[in-house]
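So the structure is just underneath, and the comments pick up after that.
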Amino acid sequence: MERSLELLLLLIRTLAIIHISQAQSQQGFISLDCGLPANEPSPYTEPRTGLQFSSDAAFIQSGKIGRIQANLEADFLKPSTTMRYFPDGKRNCYNLNVEKGRNHLIRARFVYGNYDGRDTGPKFDLYLGPNPWATIDLAKQVNGTRPEIMHIPTSNKLQVCLVKTGETTPLISVLEVRPMGSGTYLTKSGSLKLYYREYFSKSDSSLRYPDDIYDRQWTSFFDTEWTQINTTSDVGNSNDYKPPKVALTTAAIPTNASAPLTNEWSSVNPDEQYYVYAHFSEIQELQANETREFNMLLNGKLFFGPVVPPKLAISTILSVSPNTCEGGECNLQLIRTNRSTLPPLLNAYEVYKVIQFPQLETNETDVSAVKNIQATYELSRINWQSDPCVPQQFMWDGLNCSITDITTPPRITTLNLSSSGLTGTITAAIQNLTTLEKLDLSNNNLTGEVPEFLSNMKSLLVINLSGNDLNGTIPQSLQRKGLELLYQGNPRLISPGSTETKSGKSFPVTIVASVGSAAILIVVLVLVLFLRKKKPSAVEVVLPRPSRPTMNVPYANSPEPSIEMKKRKFTYSEVTKMTNNFGRVVGEGGFGVVCHGTVNGSEQVAVKLLSQSSTQGYKEFKAEVDLLLRVHHTNLVSLVGYCDEGDHLALIYEFVPNGDLRQHLSGKGGKPIVNWGTRLRIAAEAALGLEYLHIGCTPPMVHRDVKTTNILLDEHYKAKLADFGLSRSFPVGGESHVSTVIAGTPGYLDPEYYHTSRLSEKSDVYSFGIVLLEMITNQAVIDRNRRKSHITQWVGSELNGGDIAKIMDLKLNGDYDSRSAWRALELAMSCADPTSARRPTMSHVVIELKECLVSENSRRNMSRGMDTLSSPEVSMIFDAEMIPRAR
């Protein structure tokens, strides 16, 4: 009989859910059953929730499908019994359409279920766009795991990515997106990662849709020192947050009416920031002489009060600024006031942790353009997923991007689709890549005419159309100065300005170009023979770029030919003239002196002269020329040109007017002391330059002499890494180090490299850690007068005291965000770890520094607004139909 009654109640509840689900809209919901087999219905209605789930096949182009072990299926809802797993590729991404600027709940479910029979749950990273969201470790998660976040997308496209970090295979079971109410879950900065969402009831059941119209998932919780109260009356929930009515019909009060009602949670990192949302409703019938009134305290400090819960209606009290918990222990207390006759109550509450996503996504127009190109040519490259440019280690094959600074979206500067099997005409979507410098469409099957729009792309320096089947006449406008156009192997393409023969036929471009190329080759050979006769040289001669704008010559496969060809070779007399006979010396080193100069009468340059007495200097000179001819990044000092004439060797750089970072820490030479926020930005920009050398160059480079005097500052205090004389290339293959003669600056030198002569990119990371410590402390790297002479030893000893103020530069006068300071200090010590394997990569360093900068900027913005701040640090939101009582 009891069993029949249970089944009847279950049937009634199921019918009620279906009825409510039909009444409540799922508009904007994305509910993906990942790995749903093609032979199963899609969409389908999940019976317990009434939610409509669909196959994920239309939202991702990679992966294989699997199913948890059959004996485990009864423990999970249907969507969690299947999964999509990703044995191929480093990063695999879902592409979802969302509403730009609106807060969304994003939730993923991961259930291993021993689908592969190996009994080894995988570990991998979860990304939201270009930023890390969570690390998923299913080794001990029998019931799986379910990370959730509140996030405001900056575009109408959202990418959720699984990133392989080890030997195991990433997988996903369910992916859900829910648009939230306007103006809810807002932060000063960053997104909100769910920590707790609980309602207070002795029931074991959890709540979600349709009880919660936003499909937030609520777990029940009850403490042994509490007493439950409840009501059968209808409770209004019509404020912006709309917690489930079911959650509001129960509440907790302390059993000891005089005691506080306490909720506690622990923080792994004491610097973590939290937002708290507490939901109250008076569900008891109070007598005329009864009053319920209490204050809310967070970590012993008044959070809000007094609180008088509204009768059978909702009030939500929330923090509008982030909160931290000293020592990592968080404590929320509700304490009755002196005039209250009843203990405090709490119906439900939510706690979220702030997570920063500092990496800006690639320019939205560029992303749209390159995805249109991908769709037009039906390109199916495994790594063409999510953001095209960032993180840099996942940049799409065939692209190069510029990262001007940490507050500007990356832009696409190179598109290389050579030998990609392209067919059809040259798509007009290319013209929307408005910062494109290099376009390579060679060795495909493209047809039609060369489009006129290419001539309107003023940023283009190189266009390679070789090896296609293009026809018609090349637009005359593509002969503009500074543009290199290559079109060999298009027999039906007609060169601009070519004349018809007497028979009325145009000369094909290959003949014209061959004659021109032959003539140039003869001139070059004569010139080389003449120069050899005149004076033999042990240095390779680099010939200047031909001035003819349109030539049909074989395409060079250098990574950045447009950049390399722009470097100008100067004569010694030109160097003498530009420096006014070396009249203004602005620096000096072991290689020689650096003089100020001007090119073309206006462009300021720094001329680095090689001393004839410097034997090491000549090797460094050649290394620096070789490196700077093939690298280009906004945070690396640009090479304007060079001089290589007999015994006269010089490098001509852009002039960086604000000197080096060391001067702006010490105040030497009257330089202003930079504040903490500027230091963090400079550090992040220098880190971007190093990251480019490590993973953006082919082959990768190690700087080998990172120090504060080699970080220069331009007129806007943008950081530019300089002095590449000791730089070395790495093999592209499996080896991650090279053996070299020890070189570098004492104090900054990687101790592991010093003892083993094995150089790797982690050697730069160590040096950068020392630079960070200098920026934080303004202490000398080596000071023999200190008890701990090396800066890492001194900082390590001071860390034992736990007082950041004793470590920070006194010239900052305490004007810094302590959270960002601690985080930067921990990062610096991690970089300067004696063991290279324990040091982070520069990509990780960049992310950490960006997050530090976001924290510091948030503090500065808040402090600037304190004088005009009209709203309290806590906000109270009432039932929309209720007028709050006066106090």
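Just so it is clear, glycine is given a Cβ too, placed from its N, Cα and C backbone atoms.
If you take the C-beta of N143 (N-linked glycosylation site) and look for same-chain residues 6 or more apart in sequence within under 8 angstroms, you find D75, V111. Under the heading N-linked glycosylation site, Swiss-Prot lists N143 (among others), citing sequence analysis as support.
Sequence annotations record features per position, and here Swiss-Prot assigns N-linked glycosylation site to N230 (among others) based on sequence analysis. Within the same chain, residues at least 6 positions away in sequence whose Cβ sits under 8 Å from that of N230 (N-linked glycosylation site) are S201, T249, T250, A251, I283.
The feature N-linked glycosylation site is assigned by Swiss-Prot to N256 (among others). Around N256 (N-linked glycosylation site), the same-chain residues six or more apart in sequence whose CB sits under 8 Å from its CB are E225, P343, listed in sequence order. Reduced to three states, the DSSP call for N256 (N-linked glycosylation site) is coil.
Feature annotation from Swiss-Prot assigns N-linked glycosylation site to N289 (among others); the stated evidence is sequence analysis. With a cut-off of 8 Å between CB atoms and residues at least 6 apart in sequence, the same chain places T341 near N289 (N-linked glycosylation site), listed in sequence order.
According to Swiss-Prot, the N-linked glycosylation site annotation covers N338 (among others). Long-range Cβ contacts of N338 (N-linked glycosylation site) within its own chain (separation 6+, distance under 8 Å) are none.
Positions annotated as N-linked glycosylation site by Swiss-Prot, on the basis of sequence analysis: N363 (among others). Counting only same-chain residues at least 6 apart in sequence, those with a Cβ under 8 Å from the Cβ of N363 (N-linked glycosylation site) are P409, P410, R411, I412.
The DSSP secondary structure for N400 (N-linked glycosylation site) is strand. Annotation source Swiss-Prot lists N-linked glycosylation site at N400 (among others), citing sequence analysis.
Residues 362-363, 365-366, 368-370, 372-373, 376-377, 379, 388-389, 398-402, 404, 440-451, 453-454, 456-457, 459, 464-465, 470, 560 of the same chain sit 6 or more residues outside the repeat 'LRR 1' (411-434) yet have a Cβ under 8 Å from a Cβ within it. According to Swiss-Prot, the repeat 'LRR 1' annotation covers 411-434.
Secondary structure at N416 (N-linked glycosylation site), taken from DSSP and collapsed to helix, strand or coil, is strand. Among the features that Swiss-Prot reports, N-linked glycosylation site is placed at N416 (among others).
Taken from Swiss-Prot, the feature N-linked glycosylation site applies to N432 (among others). The C-beta environment of N432 (N-linked glycosylation site), restricted to residues of the same chain at least 6 apart in sequence and closer than 8 Å, consists of T365, D366, S368, A369, N372.
Tertiary proximity for the repeat 'LRR 2' (435-457) is limited to same-chain residues at least six positions away from its ends with a CB under 8 Å from its CB atoms, namely 366, 400, 402, 411-426, 428, 463-475, 477-478, 480, 486-487, 493, 555, 560-562. The annotation repeat 'LRR 2' is assigned in Swiss-Prot to 435-457.
If you look up Swiss-Prot, you'll see N445 (among others) marked as N-linked glycosylation site, on the strength of sequence analysis. In three-state terms derived from DSSP, N445 (N-linked glycosylation site) belongs to an extended strand segment. Sequence-distant neighbours of N445 (N-linked glycosylation site) (same chain, six or more apart, CB under 8 Å from its CB) are G421, L422, T423, N468, D469, listed in sequence order.
Annotated N-linked glycosylation site per Swiss-Prot: N464 (among others), in sequence order.
Summarising the annotation, Swiss-Prot assigns N-linked glycosylation site to N471 (among others) and lists sequence analysis as the type of evidence. The C-beta environment of N471 (N-linked glycosylation site), restricted to residues of the same chain at least 6 apart in sequence and closer than 8 Å, consists of T447, G448, E449, N490, R492, L493.
The ATP binding site feature in Swiss-Prot is assigned to V586, G587, E588, G589, G590, F591, G592, V593, V594, K608. Mapped onto three states, the DSSP output places E588 (ATP binding site) in strand.
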Open item on the list: Going by DSSP assignments with H, G and I as helix and E and B as strand, what are the residue counts for the repeat 'LRR 1' (411-434)?
Closed with: 5 helix, 8 strand, 11 coil
Open item on the list: Just to be sure I understand: of V586, E588, G592, V594, which binding-site residues have a C-alpha no more than 10 angstroms from the C-alpha of N464 (N-linked glycosylation site)?
Closed with: none
Open item on the list: I'd like the Cβ neighbour count for E588 (ATP binding site), meaning other Cβ atoms within 10 Å of its Cβ, all protein chains included.
Closed with: 11
Open item on the list: Looking at the recorded positions listed here (N400, V586, E588, G592, V594), whose Cα lies nearest to that of N416 (N-linked glycosylation site)?
Closed with: N400
- [ ] Please work out which residue of V586, V594 has the most C-beta neighbours within 10 angstroms of its C-beta, and give that one of the binding-site residues.
- [x] V594
TODO: Would you mind reading off the Cα separation of V594 (ATP binding site) from N400 (N-linked glycosylation site), to the nearest angstrom?
DONE: 32
- [ ] Between N400 (N-linked glycosylation site) and E588 (ATP binding site), find the distance joining the two CA atoms and give it rounded to the nearest Å.
- [x] 35
Task: Among N400, N416, N464, the most crowded of the glycosylation sites [Cβ within 10 Å] - done: N464
TODO: Across all the protein chains here, work out how many other Cβ atoms are within 10 Å of the Cβ of G592 (ATP binding site).
DONE: 19
